[in-house]
Amino acid sequence: MNWGVFEGLLSGVNKYSTAFGRIWLSLVFIFRLLVYLVAAERVWSDDHKDFDCNTQQPGCTNVCFDHFFPVSHIRLWALQLILVTCPSLLVLMHVAYREAKEQRLREAGGDNYRCLYPNPGKKRGGLWWTYLFSLIFKAGVDVVFLYIFYRLYRKYTLPRVVKCELPPCPNVVDCFIARPTEKNIFTLFMVVTACVCVVLSLVEAAYLIGK
């Protein structure tokens, strides 16, 4: 990834955000994105390879792994991070649209030019609604994914041993998850940061409406 472009996007989002939005952006970038890239991917890199069942029956381990891990934590987090950051880019696009429209009017109007957007980044009119929608959407995405994680992995935790009796397993077999304690710590960390981000988005929405 081109980090120069990424830095430009971050500075743009930060520029047009409120104080709550800047805190939210810091949480997402430092405590979610960087933790995901630096540590979480490595923790789950061996989830399939080191998922062992006490049987030699061909196909049993794969079937049990698919049953207990229908979707990897890593892939769900990646999709969650993509969806939760897209609305901020929508705000940037709206500001860019205002600036481009202002430039066209300036070129077409000449001496009779009348400024339409004195401050294109000021949250008024359509941009206010875009920003408010982005906050509600971000909070909604995090809530939906928290629910998905809760449904797939009860109480957001992984047991040390799971019992599987799905065909083609010959009987009830014990299967062992690789590094469950470490994975539980990272899962709870990501859940807590997502909850904090939801609260920040809702507080910012209330602040925006009140202001």
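Glycine residues also receive a Cβ, built from the backbone N, Cα and C atoms like all the rest.
A TrEMBL annotation is a machine prediction, not a hand-curated record.
As recorded in TrEMBL, the features of this protein are as follows:
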DOMAIN    42-75  domain 'Connexin N-terminal'
DOMAIN    141-208  domain 'Connexin cysteine-rich'
TRANSMEM  20-39  transmembrane segment
TRANSMEM  76-97  transmembrane segment
TRANSMEM  128-150  transmembrane segment
TRANSMEM  185-209  transmembrane segment
Other parts of the chain folded back onto the transmembrane segment (76-97), taken as Cβ under 8 Å at six or more residues beyond its ends: 9, 12-13, 16-17, 25, 28, 32-33, 36, 40, 120-121, 126-127, 130-131, 133-135, 137-138, 141-142, 145, 148-149, 190, 194, 197
The domain 'Connexin cysteine-rich' (141-208): DSSP-derived helix, strand, coil residue counts: 44 helix, 8 strand, 16 coil
For the domain 'Connexin N-terminal' (42-75), the number of residues DSSP places in helix, strand and coil: 14 helix, 2 strand, 18 coil
